[in-house]
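Asks: Encoded as structure tokens, here's the structure I'll be asking about.
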Amino acid sequence: MWWDERVSARFRRNLQPTLTYWSVFFSFGLCIAFLGPTLLDLRCQTQSSLSQITWVFFSQQFCLLLGSCLGGVFKRTLAQSLFALFASSLAISLVFAIIPLCHNVVVLAVVMAVAGLAMGCIDTISNMQLVKIYQKDSAIFLQALHFFVGFGALLSPLIADPFLSDTNCILSNSTANASSNLPHIRKSLVPHHPGNLSHYDLPMKGMVVTRVSYAFWIMALINLPVPIAVFFLLYKERMVPCFNGSSHPLLSADELAMETRPVDKDELSTPGQRPQAAGGHDDLLSCCQSRNFRGASYTYFAVHVTGALVLFMTDGIVGEYSGFVYSYAVEEPLSVVHKVAGYLPSLFWGFITLGRLISIPVSYRMKPATMVFINVVGVLVTFLLLLIFSSSVVFLFVGTASLGLFLSSTFPSMLAYTEDILQYRGCATTVLVTGAGIGEMVLQLLVGSIIHDRGSYSFLVCGMIFGCLAFTFYALLVFFHRMYPKPSPELDDASPDKAAVTDDTGQYQR
């Protein structure tokens, strides 16, 4: 195997929970990408206008951010975390099954809000739990985790595609004229960000002809094994009330050896520190309580803030680029035909998924700080070249693929890097997830308004500015990392294996 035996042993010891968290993130990806391509069919199903149906995007994105902020509430015990993941993954399957029954746009927005809350909880809890299990070895497993969200985001549009309407799905006297705009509008909604659609006029009354319900039912069935996997993990850990026997799960050979070996001085000296480490991954509201600020140096806050700002910019770039690259391509001076321009968002997300797959083995050989540096510099250079060759259609496709590769591993690498700086005792996961979610929402709205006022070329200028800011915040993070107090030698010696083993056994306590 291309990793060492120590990491392999830890992976085998935590195989079931690790695979479960990966599968739950697949649910996240499956749910985040289906809305764009299916939105026009959902508009027909609810017989609403384009401006009304795009509010469904807002309800999902806003509640995803809210769920990310509140997801840390369920981290206090493993049982709470797993029950929250079970409820969230099951809710996503139920949402897929219920969407075909929503014939009112308000009801559909409420259902998508529930999906957003579930996705936010999954995002925060899955990242937290993997960091808790693997700590200093978490980078490679976080890369794999975020590969699964990309895989799910690629799969759901492919499932929906055969069932999308080729012509307008509300038949009326104006159907012929409206149908000519349909491919343009649909590509503007890929993958999950709405563009400016107010100038399109589609019929709202008439006979509804759509088969998109089958796509949602297929996705509900595909996602159903995920809550079942979480339930089996709950059952294995004796956390299901009706199956909760008096005996505890048998220890594995590795855990039995750890239980029977002599206790080291380092472990005796750390009980006072362990509650702090366990209590560090709180929800956003708990992180902001004054008790967490006592005795903390300014670098403690600076690491949280600069790490969140890097992801605010990079995840914001993901949102604005995927949302507006199509609109930029079809405008002058490129004037790419609509069908060809429609491949750009898919190319972007495809290379994000490919980059996450490549990052799994790379992250084992390369430090998270180095990977983040390569990512932000790559994003900056790519936008610079896109500006220089702004009249080249070929380089637009090359730059889109390059940007997807460099952005792909930024979030998991930054999360691993920041948690490592804080020695797994800060609120990094919650703060970073929240910062990334806010950035994806805010920068997309900001760029949309700027493009409307200043023209399509400002799309690349905004990307260049955001890339420069991401690099600046990363440089500040490195500076504060050097200023941050180093762990004591005793704790440092114990942390790779000893603290990790305690997490392996202590984490799964009720």
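Every residue gets a Cβ built from N, Cα and C, even glycine.
Just so you know, TrEMBL annotations never went through curation; they're auto-generated.
Quick paste of what TrEMBL says about this protein:
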TRANSMEM  21-40  transmembrane segment
TRANSMEM  52-74  transmembrane segment
TRANSMEM  81-99  transmembrane segment
TRANSMEM  105-126  transmembrane segment
TRANSMEM  138-159  transmembrane segment
TRANSMEM  214-235  transmembrane segment
REGION    262-281  region 'Disordered'
TRANSMEM  298-318  transmembrane segment
TRANSMEM  340-358  transmembrane segment
TRANSMEM  370-389  transmembrane segment
TRANSMEM  395-417  transmembrane segment
TRANSMEM  429-451  transmembrane segment
TRANSMEM  457-480  transmembrane segment
REGION    489-510  region 'Disordered'
Asks: If you count Cβ pairs under 8 Å, which stretch among 105-126, 214-235, 395-417, 457-480 touches the transmembrane segment (21-40) the most?
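Replies: Checked against 105-126, 214-235, 395-417, 457-480; highest Cβ contact count belongs to 214-235.
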Asks: Which sequence-distant residues neighbour the transmembrane segment (340-358)? Criterion: at least 6 residues beyond either end, Cβ under 8 Å.
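Replies: Those are 33, 143, 146-147, 150-151, 153-154, 157, 183, 187, 190-191, 318, 321-322, 325-326, 329-330, 396-397, 400-409, 412, in sequence order.
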Asks: What stretch, picked from 52-74, 214-235, 298-318, 370-389, has the most CB pairs under 8 A with the transmembrane segment (395-417)?
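Replies: Against the transmembrane segment (395-417), the leading stretch is 370-389.
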Asks: Verify whether three or more Cβ pairs under 8 angstroms connect the transmembrane segment (81-99) with the transmembrane segment (370-389), leaving out any pair fewer than 6 apart in sequence.
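Replies: No; fewer than 3 Cβ pairs under 8 Å.
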Asks: Is the transmembrane segment (52-74) in contact with the transmembrane segment (429-451), using at least 3 Cβ pairs under 8 Å (sequence separation of 6 or more) as the test?
Replies: yes
Asks: Looking only at residues six or more beyond either end of the transmembrane segment (81-99), which have a C-beta under 8 A from one in the stretch?
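Replies: Same-chain contacts beyond the flanks: 20-21, 24, 27, 30-31, 42, 71, 74-75, 108, 111-112, 114-115, 117-119, 121-122, 125-126, 128-129, 213, 216-217, 219-220, 223-224, 226-227, 230-231, 233-234, 237, 239.
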Asks: In the same chain, who gets a Cβ under 8 Å from the transmembrane segment (138-159) while lying at least 6 residues past its ends?
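Replies: Tertiary neighbours of the transmembrane segment (138-159) are 3, 7, 11, 18, 21-23, 25-34, 36-37, 126-127, 130-131, 190-191, 215, 218-219, 222, 346, 349-350, 352-353, 356-357, 359-364, 368, 371, 408-409, 411-413, 415-416, 419.
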Asks: Go through the chain and flag residues at least 6 beyond the ends of the transmembrane segment (457-480) whose CB is under 8 A from any CB in it; none is fine as an answer.
Replies: 299, 302-303, 306-307, 309-310, 313-314, 316-317, 320-321, 324-325, 327-328, 369, 372-373, 376-377, 379-380, 382-384, 386-387, 390, 418, 443, 446-447, 450-451
Asks: Would you kindly list the residues that approach the transmembrane segment (105-126) from elsewhere in its chain, counting only those six or more residues past its ends and only Cβ-Cβ distances under 8 Å?
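Replies: Distant Cβ neighbours of the transmembrane segment (105-126) are 21, 24-25, 27-28, 31-32, 35, 42, 46, 48, 52-53, 55-56, 59-72, 74-75, 81, 84-85, 87-89, 91-92, 95, 98-99, 145, 429-430, 433, 437.
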